[in-house]
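To keep things clear, I will list the structure first and then write my remarks on it.
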Amino acid sequence: MSADTTADALPAPVSAGGATGDAILRVSGLTAGYGAAPVLQDIELTVRTGTIAAVLGANGAGKTTLLRTLSGLVRPSAGDIVFDGRPLRDVPVEQLVRRGMAHVPEGRGVVAELTVDENLRLGGLWRRDRADAARALAEVYELFEPLAQRRRHAGHQLSGGERQMLALGRALVARPKLLLLDEPSLGLAPRVIAQIMGLLRQLRDQTGLTVLLVEQNVRSALSVADEAVVMSLGRIVTATTAGRLRDDEQLRHAYLGF
Amino acid sequence: MDRFVFLTFDGLSKGAVLAAFALALVLIWRAARIVNFAQGAMAVAAAYAAYSVTSATGSYWLGFGAALAGGLLIGLVVERAVMRFVDHTSPLAEVIVALGLVLVFQALLGIFYGNEYLPTGTPFSRTALTAGGVPLLSRYDLFVFGAVLLVVVALALLFTRTPVGLRMRASAFAPEVSRLLGVNVGGMLTLGWALASAVGALAAMLVIPTELGLHPHAMDLVFVSAFTAAVVGGLDSPVGAVVGGLSVGLILSYVSGYLGSDVTPMAVLVLLLAVLLVRPGGLFSSTVARQV
């Protein structure tokens, strides 16, 4: 992997988040759930700066809950999250984007009633540096040509692929250090999925963006990921490099069933 | 014909106030998906604050300012201290709490101010100006139109042209996504309640001097008419609230002018029933289904 950080596009490496290889996210002993039964049990996970880490697993494995716990929507009952060198537990959800974490939820989270432009501006409203927020917005429009042509369209008028671009673009307006992406391939045509995965690769290589990618589409995820973890029934059952999971048929059979 | 013209202008003037009050209902509906049945009682409380200030200072305008400020404050307190803690899983819970608030407000106002009609003044003459012998509008009517127009335009600009307005709309449509994008959703909800309550207070200030006067129940009938107006407009649409308010004002004016004023309360209810039966979503409801 080449981690070329001569960034000319989003998201600029805004802080001293560290060189490639340092852990930007460390999760240890994380247990969480919605009721009495925990959905996540004793999760250990490290994501290095400037890499794409894929979280794979069947429906109900706890992948989405993992992301929701990281971004504070679900409160953990035990364990620690350290993001960018600082503990993350008990930080309000609203503050996470200010700390450099952007979460694109499952189903994309485009605000259907707002226009493309309003959705994107919403992503940068929290920023004090108005000039740079405007620059980030312009860069997103450059990155996603179809969005630039539909600025005044409402979110509900967009195609599935355009909505994914919008959700992704809106997250990038915040210039995050870590992007949490929940099932970006859901319901999209293979060609569009390939485009989105290609874009993630490009962002990682050109800007050093770190991505935690939750996917059921294993092939697509492994085509861009550096690291991969497989979850089953709320636990991480294996953590390895994406290359190994791609190439090692036995491992794939054992954990992913193909 | 003269009578018709007079009733039309009178209806539009009444309708403008209903439009403002319906707008207040729509603001809270959009922000919190609650029909605020306490809106009338809250607005009357703000009008009593104005009465106290005007009595103490002799200035209508200081009282007017006190009503708006009091409206903001009442909305803020009701949301922060009461509505925030209501279980949102059943809409009935919110309705019942709001109705409970009505009783509390009206009882407290009765205790402190008494249950008699108190006379309130207007800043401008209520004598109708005539055109060719036909009485049209009074200076006070013009003031009412101006004030309501100002509020409608200011709210439209706030929601469509400012970052705060964008935050408020996003919070209402998609609270969780908004939080992930750094929006203080709870704060936006409080702001929505405060704004709506201030608009309601304005409507009360405008309408109370034209009716029997200040009383803990002064806004009860106005609330029913404004609620009808909001439902006609689709509850979700600010434009619908304004058009609904003006329409209901006109209908009530014609009914009371041609059939007698004792029929008007029934006319409001018949209209409400008709709208709910024929087009429960309201005439201006957006046909956009929410997709995610």
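Glycine is no exception: its Cβ is also placed from the backbone N, Cα and C atoms.
Residues 35-36, 39, 43, 137, 141, 144-145, 147-149, 151-152, 155, 192-193, 195-197, 199-200, 202-204, 206-207, 210, 219, 222-223, 225-227, 229-230, 233, 235-238, 240-250, 252-253 of the same chain, all 6+ positions outside the transmembrane segment (B:12-29), place their C-beta atoms under 8 angstroms from a C-beta of that stretch. TrEMBL lists B:12-29 (among others) with the feature transmembrane segment.
Look at TrEMBL and you will find B:36-54 (among others) tagged as transmembrane segment.
Residues or ranges marked as transmembrane segment in TrEMBL: B:60-79 (among others).
The feature transmembrane segment is assigned by TrEMBL to B:91-113 (among others). Sequence-distant neighbours of the transmembrane segment (B:91-113) (same chain, 6+ residues past either end, Cβ-Cβ under 8 Å): 33-38, 40-42, 44-45, 48, 51, 78, 82-83, 214, 216-217.
The transmembrane segment feature in TrEMBL is assigned to B:142-160 (among others).
Taken from TrEMBL, the feature transmembrane segment applies to B:181-208 (among others). Counting only same-chain residues 6+ beyond the ends of the transmembrane segment (B:181-208), those with a CB under 8 A from a CB of the stretch are 14, 16-18, 20-21, 23-25, 27-28, 30-32, 36, 39-40, 42-44, 46-47, 50, 64, 67-76, 78-80, 83-84, 120, 144, 147-148, 151, 155, 164, 167-168, 170-172, 175, 214, 218-219, 222, 226.
Nonlocal intrachain contacts for the transmembrane segment (B:214-232), taken as residues 6+ away from its ends with a CB within less than 8 angstroms of a stretch CB, comprise 15, 17-19, 21-22, 24-26, 29, 35, 37, 39-41, 43-44, 47-48, 51, 105-107, 109-110, 113, 115-120, 203-204, 207-208, 240-241, 243-245, 247-249, 252, 265, 268-269, 271-272, 275-276, 282-284. The transmembrane segment annotation in TrEMBL covers B:214-232 (among others).
Summarising the annotation, TrEMBL assigns transmembrane segment to B:239-260 (among others).
Annotated transmembrane segment per TrEMBL: B:266-289 (among others), in sequence order.
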